[in-house]
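Presented below is the structure to which this report refers.
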């Protein structure tokens with residue numbers, strides 16, 4: 001049995017040679033990825049012709065830029081892009097490990113290697129996003145099915161043929177890879193749905209979706225703004241008022257959903273690795289303790305070391321249980337932060353839509369345009385990194401508090417030292433209570449004796465006006481010496497609270513951990529502010545709907561015939577038709593002054609103009625001047641062009 005256990009441990013450490021190497025497949029996937037991107041680029045046409053189109057006219061504007069996803073304006077296929085990010089998560093976490101670098105490089109070149117690795121991972125997974133966003137649905141669906149199916153086969157084969165690993169032991173790959181496999185299966189189903197929908201549209205069994213600037217939820221949001229607010233609204237439940245209130249007219253962008261999914265998958269993987277590595281570490285510490293215990297038993301003059309063994313053994317047990325417990329709390333805390341960031345994003349966006357910027361520091365109320373756009377590109381990566389590192393930092397803070405709680409409360413009760421523990425705890429609570437009580441006493445004395453009476457019985461508090469000034473000066477003098485001593489303790493408490501709160505909120509970049517005036521030193525918070533401003537300027541529902549109305553009216557004006565406004569006019573608008581025609585006439589004559597000479601009552605010779613001194617002659621002279629100036633400025637063909645008036 002011992003031999004079998006040793007063999008199992010050895011085989012658990014060794015690499016499996018029966019499966020397909022995912023790392024090698026990642027490198028080889030560059031070839032089909034480049035081919036797929038090339039095909040999609042060939043299908044698209046460029047909006048502007050380049051010099052190469054004149055040299056190679058057979059291209060006909062082909063090989064345009066393939067966009068993987070719109071990270072700012074697009075709100076469609078959000079969950080499809082989210083699962084595409086979920087498929088990328090395993091390779092993104094691989095970049096954090098040393099295993100990604102297959103060869104030895106000097107320390108100064110590691111940054112370049114990581115940059116090349118990030119570009120490689122981005123290019124390998126580029127077809128998933130490009131096939132979802134391409135306007136050529138049939139080609140994108142077919143290529144996406146083939147590419148995602150190959151990744152599913154290789155990943156499932158490697159996972160089930162070599163399930164063991166060095167960190168989690170048995171079934172490590174199954175435990176870690178199942179979110180990635182689930183995301184790939186979802187993408188495969190999405191591509192199949194796209195292909196079926198494209199076929200139905202070709203067979204005219206289904207209507208093609210219209211492409212507009214605005215989404216339906218943005219239209220509904222604007223309609224809600226235009227409605228009258230009801231006098232009596234339905235009261236919110238406890239969950240809606242304290243936790244989250246669902247808004248059907250708000251949707252998170254693709255970037256935010258993808259960031260949240262990768263953060264959750266990364267937290268899941270890091271929690272498993274944390275638990276396994278801590279178990280291995282505590283097991284190794286126990287082995288060292290057993291070795292030390294055997295050394296003490298074999299030697300005679302080791303009374304000092306012998307006395308250290310029981311406390312060390314107790315510390316190992318307490319630390320192991322504390323670390324396991326705080327692992328659960330730190331994981332739940334990080335997951336709650338991930339969802340809380342989504343809620344804060346929606347809250348901040350709604351405030352910006354209303355024109356409210358008071359919740360931002362003064363320096364961040366007008367961020368630079370370049371900084372905002374760059375923040376949009378940085379946000380996802382920084383949010384994922386802050387979430388994972390924040391988990392480790394918060395876990396350590398929880399672990400320290402758990403040890404203090406165990407040695408301060410649990411162990412004294414276990415060892416029967418309840419009286420001494422309560423005595424020490426009572427002294428601490430009494431000291432803190434006296435300090436707080438004296439602070440409250442100062443405020444109460446000032447409220448009763450040193451403030452003037454209320455100006456009105458309905459006032460909530462007394463005015464800021466001193467009363468009994470001589471007594472207040474004596475009160476201020478005697479409390480001066482006590483406040484010096486109390487200020488020292490408050491200074492230490494302020495430092496401790498800043499450290500605890502700063503480490504607790506390190507993963508939340510939606511809130512700065514710096515003091516007022518030093519917010520610019522918080523790079524994470526600066527990225528958050530720039531990102532929400534970029535989304536605000538590009539996704540404001542009122543602005544987007546207004547632009548859609550402009551585009552729709554522009555298209556209607558191009559397709560409608562000239563002066564089509566006057567056709568089919570209702571009878572109730574007949575009164576205004578004369579005024580509208582006159583306004584059209586005035587506008588047309590101002591734009592085309594030579595037409596004044598062609599009107600019926602102005603068709604006369606120049607000699608008659610000279611012999612007449614009526615006001616109409618002045619009009620004709622002015623028209624001649626305006627017509628001559630207009631003709632001198634034009635270099636087009638010598639034919640009369642009439643510019644029709646437009647609706648204003």
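Backbone N, Cα and C define each Cβ position, glycine as well.
Worth saying up front: this structure is predicted, and the values here are computed from it rather than measured.
TrEMBL lists transmembrane segment for one of the ranges 4-23, 24-43, namely 24-43.
Feature transmembrane segment, per TrEMBL, maps to range 425-450 of the set 347-372, 425-450, 451-476. Cross-referencing 238-255, 256-273, 274-291 with TrEMBL places the feature transmembrane segment at 256-273. Taking TrEMBL as the reference, the stretch among 310-335, 388-413, 518-543, 544-569 described by the feature transmembrane segment is residues 388-413. Among the ranges 60-78, 136-154, the stretch that TrEMBL annotates as transmembrane segment is 136-154. Among residues of the same chain six or more beyond the transmembrane segment (24-43), those with a C-beta under 8 A of the stretch's C-beta atoms are 62-66, 91, 120-121, 123-127, 130-131, 134, 136, 139-140, 143, 147, 150-151, 154, 158. Most Cβ pairs under 8 A with the transmembrane segment (425-450) among the ranges 108-129, 174-196, 256-273, 479-506 are made by 479-506.
Counting Cβ pairs under 8 Å to the transmembrane segment (174-196), the stretch among 108-129, 256-273, 388-413, 479-506 with the most such contacts is 256-273. Tertiary proximity for the transmembrane segment (479-506) is limited to same-chain residues at least six positions away from its ends with a CB under 8 Å from its CB atoms, namely 386, 389-390, 393-394, 397, 435, 438-439, 442, 513.
Listed by sequence, the residues of this chain that lie at least six past the ends of the transmembrane segment (108-129) yet keep a Cβ under 8 A from its Cβ atoms are 26-27, 29-30, 32-34, 36-37, 66, 68-69, 81, 84, 87-88, 91-92, 94-95, 100-101, 143-144, 147-148, 187.
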